[in-house]
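Q: Quick one: the structure is below, questions incoming.
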Amino acid sequence: MALVLKFLNGTYIFRKCPKPNVASCPFLGTHFVDYCSSSLQKPVAAPGKTSSQRNSEGDLQGHHQREVALDITSPEEKPLVSFDKAIKDEIKDQFRRLKDDIVNHWIGPEGRPLHEVLLEQAKVVWQFRGKEDLDKWMVTSDKTIGGRSEVFLKMSRNNQSALLYGTLSSEAPKDGESGRSGYCAMISRIPRGPFERKRAYDWSQFNTLYLRVRGDGRPWMVNIREDTDIMQRKNQMYSYFMFTRGGPYWQEVKIPFSKFFYSNQGRIRDAQYQLLLDKISSIGFTLADKVDGPFFLEIDFIGVFTDPAHTEEFAYENSPELNPRLFK
Amino acid sequence: MKPPILIAILATVMTGTMIVMLSSHWLLIWIGFEMNMLAIIPILMKKFNPRAMEASTKYFLTQATASMLLMMGVTINLLYSGQWMISKISNPAASIMMTIALTMKLGLSPFHFWVPEVTQGISLSSGMILLTWQKIAPMSILYQISPSINTDLMTLMALTSVLTGGWGGLNQTQLRKIMAYSSIAHMGWMTAIIIYSPTMMFLNLNYINFYFYIKMSLYILMTLSTFMLFMLSASTTTLSLSHTWNKIPLIASTILTLMLSLGGLPPLSGFIPKWMIIQELTKNDMIVVPTLMAITALLNLYFYMRLTYSTALTMFPSANNMKMKWQFEHTKKMTLLPPLIITSTMLLPIMPMMSILD
């Protein structure tokens, strides 16, 4: 499945030779050459030489002769998709990633020496400086359930930040079962290793999330998901709120990981558990504040750091009524 | 967990293991394994967070699969030999199936994938029980069927376990995962020698294979001590362990000797089993296997050394302005920790005495 997706990304285009005139060469039948040999259409060669070469080879192969200008592609040329080459390149890419993975495994955690990882106190995890940084995120809205919200993600001015913008509409979809609607979200893609294996971030030496954002005053929700090995974990999420201030100044939002509360299948649970930082899979921003209208959020970068003044381990209490198992 | 319940569950775990070790009837052995597995699940779930539940689920699934495979092997053996007693297994299919089932329970390669995940998800004390006590029952059965084990299969599993344990633990920063990979590697060493234990044909129960028992007991001692030290300093990552010099300097220095002992460096106790296993394997005309095992044990030693370097040999920067934090009396009950540490590090001089057991 992953290979098919990659294949769609990496189509290979070959220039097709002009279609042969079947009437002029009845013997060849359907024997067309799908890709041009380099001698036939070399744009840098002198036109006279090329045409004579083409003439001679064209006679041999029975191709229809056409004078092709140096830089303009023929209108008959269509891009062809080469399945074999795409698959081969994809396999080579995966093996290269496997080799990198093995080498990084030897060097240390995350491919860096251990002392560097242990002494690190601040780390930029996601930043938006180019189109490839946007590919690490995906946006979703209630369009998937039939709503009318729209959300887009693009690079902002001077490629210094990403802009998440769109329109929120809390009009419920008319499918007979949804009562409420109106959400937009931007979720990071799960990091993948060789052969599309799921990887996770290890943020166990950090204790605070840092976001440099510029919003429009709307309250957003920051959601963190842990590594999904077992199916039931896909429904579990740790969230906290991010209140944006609007205005022309950038806002620095610091959320300690101890403040994240636990929810399962979209409902905040009575029994609360601490967010464990050794297997973080993805982070997401959700807007669902029931206010219709346009919105935007500009994100400069997202990082994690250790706040030495923050010693709280978990912000929420459990009581015997809420979580009786803990108090048995 | 309330103390009476904890005592009852721990007693069930111990009873299960005892039943496995003392039985000669295959059905009773299987019952012992099931008792053991079912009783340890609540111990693994002591903390009740989603991670611990996931770890317990994974443990249950793998152990249940292994028990099923064991039962299948037992049934095939019953079909071919007509009896339930644990003795030489004539049918190779049954023997291979039983071997695979028991190595799955132990966490040997290539069935080792559950060990780091489960150990990481549970608390330190549960991890301690998982990596020490839970190895006793499958090992005792492997020892009892050792004449019938396919030599090539076992040697291959042992070699790949040592490799996996060494390679997998290389870039871990989580201490529980490091101990899990260390357990995989040590199990590899143990199973490498189990095939060469003397046969029980004469039912001479005094004639034990002391190499295997020494390795087993020393491994349990060393792992117990390490876990207890981690529990004392309440550290689950390399970074938090490296701050122990500021809190309890004695632990930092003890971890140094303990880690080097786990890595098998002379003159510490951990060297004894390695030496004896290599000696016994070379006596049995195996040259390549002990060489490879000794070389890949260096990978193990590498990550133990990294732990000791950051913990004991360097004073890691911490967020503390004082030279030393206030040292209070320990509230955690660490029973028998000093004797455990001494036996884990200083047993080498009495090694020649162990030939008395021969």
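Cβ coordinates are placed from backbone N, Cα and C, and glycine is handled just like the others.
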Q: Pick from B:126-145, B:286-305: which range has transmembrane segment per TrEMBL?
A: B:286-305
Q: Looking only at the domain 'NADH dehydrogenase subunit 2 C-terminal' (B:301-354), what is the model's average confidence as pLDDT?
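A: Per the prediction, mean pLDDT sits at 86 for the domain 'NADH dehydrogenase subunit 2 C-terminal' (B:301-354).
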Q: For the transmembrane segment (B:286-305) and the transmembrane segment (B:153-171), check the count of CB pairs under 8 Å (sequence separation 6 or more) and say whether it reaches 3 or more.
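A: Judged by the Cβ rule, the two regions touch, with the required three close pairs present.
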Q: Same-chain Cβ contacts of the transmembrane segment (B:153-171) under 8 Å, 6 or more residues past its ends?
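A: Distal contacts: 96, 99, 103, 108-110, 112, 116, 177-178, 180-189, 191-192, 194-195, 286, 289, 292-293, 296-300, 302-303.
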